[in-house]
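Take a look at the structure set out below.
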Amino acid sequence: MRVAELTGMIVRLQLKKEFKHASFSRSYSDNFIVRCQLTDGTVGWGEGIPRTYVTGESPEGAMEQLASTDLSQQLGADCGDWHDVMQMCGDYCPNVGTDNPRDCLANAHRCAVELSILDAFGNLFQSPLSEVTKTLAVASPIYKSSDRVQYSSAISTGSPRKETLSSLAMRIYGFGHCKVKVAMHPDLDAARLKRMRRFVGKRMDLRVDANEAWSPNEAAKRIEELEPYAITCAEQPVHHDHVRSLATVRRNVRTPIMLDESLTSEHDAACAIEDETCDLFNIRLSKCGGFLNSLNLAIMAHQAGLGYQLGCHPGESGILSAAGRHFASSVNAIRYREGSADRHLLKDSIINESITFGRGGWAPALHQPGLGITVNEPELSRFVLQSRTFPIS
């Protein structure tokens, strides 16, 4: 079976409330969605979240990459099983059109295209996406099938009253893990964490995310100020340009360091391992170039003795959330899991099923073919800003 056509769409989804962190704030999300149709009419869906401040991508750029890549040459193979499909997706090399030293300038594009193909062939094979992890031989050290997974929550910067109410809500809802956005007002963060720790309780696993906001000279001091409140991780303390300084920061703090904006590709991962700049990787499917690349990053972390979490992008729809669920339920030893919060964050849903996590952040594995979801195409059409179809075979 072959891919017949790909349709790229730029879609704007409105958030229920403005999302703020030290690097950016947004009230909507412009996503890149791809519809794949096979020669027998089977359809699959994929999604990427291009962010200029993360990988240097834009939705318009992702569409242009689709238009300028020889899709027939790269995605025209006849695939009879998962091995054929993974080979085709693994070899896919979209046209970036510029220097790409970190190999990340087409990651959201690659994620959307790859997921749409994996979903389509999963539907054809009557096999769930999580089967890819099981089938990929090099992933055997990290493969583990789980019937359910637990997601963590997040608290962004807000007024003391809002943060207190959010902290209480996390505790009442039964979450086990919570990430707190810090560094917008760094001199207030210790008081914020003290207040949040009081209301979430002693058992809650609290971690912080600085979104590149601290300078190399202050990072260790800022982390030390928060350590009395039992934080378990500090995510991306400094800007990527200064990431090598984290090797020194790690030696001066007790808290494990996680890379996010500085972890987009195997190139970044190799640098992090060699330079000893972190204890954990934040693996986000879109940021890291898709399901297969994300598996490779988890394998690299495992081999280097590092931890890893499954991250997400605020604004992702149920398409990307479903892909994250398959990753979360088929990869072992994930330290934290983020995502599957689309009905909490988005004003509208473009899928027919509800896969948002339940009480305590718990959610079941998806066992249906492909992504295990169906897209409501009439609903999706309401949010499409641009659409182009590209025949392949």
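Cβ atoms are placed via backbone N, Cα and C, with glycine included.
Just so you know, TrEMBL annotations are computer predictions that nobody has curated.
Taken from TrEMBL, the feature domain 'Mandelate racemase/muconate lactonizing enzyme C-terminal' applies to 161-256.
Listed in sequence order, LYS179, ARG207, VAL208, ASP209, ALA210, ASN211, ILE257, MET258, LEU259, ASP260, ASN282 are the same-chain residues six or more apart from GLU235 (Mg(2+) binding site) with CB atoms under 8 A from its CB. Classification of GLU235 (Mg(2+) binding site) by DSSP places it within a strand. Positions annotated as Mg(2+) binding site by TrEMBL: ASP209, GLU235, ASP260.
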Within the same chain, and leaving aside ASP209, GLU235, ASP260, name every residue whose CB is within 8 angstroms of the centroid of the CB atoms belonging to the recorded Mg(2+) site, in sequence order.
-> LYS179, VAL208, ALA210, ASN211, ALA234, GLN236, MET258, LEU259, GLU261, ASN282, GLY311
How many helix, strand and coil residues does the domain 'Mandelate racemase/muconate lactonizing enzyme C-terminal' (161-256) contain under DSSP?
-> 52 helix, 17 strand, 27 coil
Secondary structure at ASP260 (Mg(2+) binding site) (DSSP, helix/strand/coil)?
-> coil
What number of additional C-beta atoms lies within 10 angstroms of the C-beta atom of ASP209 (Mg(2+) binding site)?
-> 25
